[in-house]
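Per TrEMBL, these features apply:
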{"type": "DOMAIN", "residues": "18-461", "note": "domain 'Major facilitator superfamily (MFS) profile'"}
{"type": "TRANSMEM", "residues": "12-31", "note": "transmembrane segment"}
{"type": "TRANSMEM", "residues": "66-87", "note": "transmembrane segment"}
{"type": "TRANSMEM", "residues": "99-119", "note": "transmembrane segment"}
{"type": "TRANSMEM", "residues": "125-146", "note": "transmembrane segment"}
{"type": "TRANSMEM", "residues": "158-177", "note": "transmembrane segment"}
{"type": "TRANSMEM", "residues": "189-210", "note": "transmembrane segment"}
{"type": "TRANSMEM", "residues": "275-297", "note": "transmembrane segment"}
{"type": "TRANSMEM", "residues": "312-332", "note": "transmembrane segment"}
{"type": "TRANSMEM", "residues": "344-362", "note": "transmembrane segment"}
{"type": "TRANSMEM", "residues": "368-387", "note": "transmembrane segment"}
{"type": "TRANSMEM", "residues": "408-431", "note": "transmembrane segment"}
{"type": "TRANSMEM", "residues": "437-457", "note": "transmembrane segment"}
Amino acid sequence: MKTALQEMTQYWRLYLLTLVLGVGGSLQYGVQVSIMASPAEHVQSFVNQTWLGRYDIPVGESTNTLIWSFIVSIFSLGGWAGAVHSGSLPVKYGRKKALLFNNVVAIVAAVFMIMSRTAKSFEMILIGRFLYGYNVGLGLSVHLMYVGESSPKKLRGFLTLTCSIFIGLGKLLGQVVGIKELMGTEDMWPYLLAVSGLPAILQFVSLLFFPEAPRYLYIDKGDEDGCKKALHWLWQEDDLKLELEDMMKEREKAQGEKAKTVLDVLKSRCVRWQLLALAIPCAGVQFCGINALYFYAFDIFRESGVEENKMHYLSLGIGATELITVIICAFVIDRAGRKKLMGFGYLMMGVIMSVLIVMLTIKDMYTWVPYFNIALIFSVICVYGLGPSGVSMCLPADLFLQAWRPSAYVVSGTINWLSLFVIGMLFPYIVEGLGQFCFLIFVAYCIFSAAFMLYFIPETKGKTMVEITEDFNKLNFKNRGTEIEKGDFVLATKF
């Protein structure tokens, strides 16, 4: 038996690849989600100055608010476009080339941001935000594909979950660089918005020294020698028999089959329950209420007597809490399992938010309630990081075989990005209409997802892709015995 230190030494190149993928992949999502809060005042002032210079009148308050809302929300539309292309670009050109192209998109976006003030064009900020969204939408999906298809079965859960770790790290990084002591000033805001160009340059240069994803080489391209070389280089292991046999099973069953499209994923019975597991607890994670908590946190801090100039530093504490708990999740997920962590995580979030609704209702009755509410917010963040946040990134890599994975990520990305766009546009109106009772929507989603996950979805830890598919086939074809539509059961993607 190898010790943990021996395994770490053996797979150090794989860990380095994971780091490179994270820096240019999910880290970008975290940065872009959190970084816009700091320069909001400066960007809106720039829009007003630009408008005044063009039309000799200041921009109306409603128009300025609309432009700012569109600057924020167009990121989600770009993310959706990137997610849609994640079903074709990484299949046709490979995971590595898709990411290299994606980094160029982020670098171009950064140039637009830097030049926007010089060109006196807020439209360049809009274009830059859309390109950043595209970069994140494509990068998130390909990041998960690449790391999942490069990892041994025993490390797949841990390494795919690092996607959530980098998201948490990105959120914290965006908050840190946005403070006034660093780049959150009127002079520095264009450079703050362009900061995502640096991780893109780093990944572009670093990725040139790494091989293509081994499973993509063998199953999609039929390059057995290239696959062996990639596995040997990444794993530093000579005995690859079991891994190659698993890939061979997938490839043999895929011979002569057509490529699977998004429509195939939506219609085919043989992936019906995988699709439900992808859509409800994973892609729909935006409806768990985490963004609402971030929104309400400042009000609760204010009611507890926290000074306005200290709010930003408390938000760093929330970001750090999420990051720490996701890191802990990475070390326990292969012991506790995806099903328990996500199922019970959603259940606990639902219970804690129910208590929070009651406490927000009676906040004026007792002086201790606002402080208790702060504890509840941090509790939800902890549970979210330990369960749904990490598993929602890890589980999709387990659910689909090679043929279905790219199109499945398109479906997942579409649900994720469109729900983020809808919540971003409608949430202020929901808060205005329902107040603290807006959390009831999120409580309902959490309880439903917990029940669905715990009651229906099989555990995937420690299983090969084929074994997981066989478990889901018991749900997909439970009324048809062992008869399976072999025409639908495809394991590789072909163009």
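Easy rule for this one: first residue shown is 1, then count along the chain.
Each Cβ is built from the backbone N, Cα and C atoms, and glycine gets one as well.
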Paired segments the transmembrane segment (189-210) and the transmembrane segment (125-146) in contact, 3+ CB pairs under 8 A: yes
Winner by Cβ pairs under 8 Å against the transmembrane segment (12-31), considering only 99-119, 125-146, 158-177, 312-332, 368-387: 158-177
Which of 125-146, 344-362, 368-387 contacts the transmembrane segment (99-119) most, counting Cβ pairs under 8 Å: 125-146
The transmembrane segment (437-457) and the transmembrane segment (158-177) contact flag, 3+ Cβ pairs under 8 angstroms: no
Recorded stretch that, among 158-177, 344-362, 368-387, 408-431, has the most CB pairs under 8 Å to the transmembrane segment (312-332): 158-177
Overall pLDDT of the domain 'Major facilitator superfamily (MFS) profile' (18-461), taken as the mean: 85
Beyond the flanks of the transmembrane segment (344-362) by at least 6 residues, Cβ under 8 Å: 281, 288-289, 296, 300, 369, 372-373, 376-377, 379-380, 383-384, 386-388, 391, 435-437, 439-440, 442-443, 446-447, 449-450, 453-454
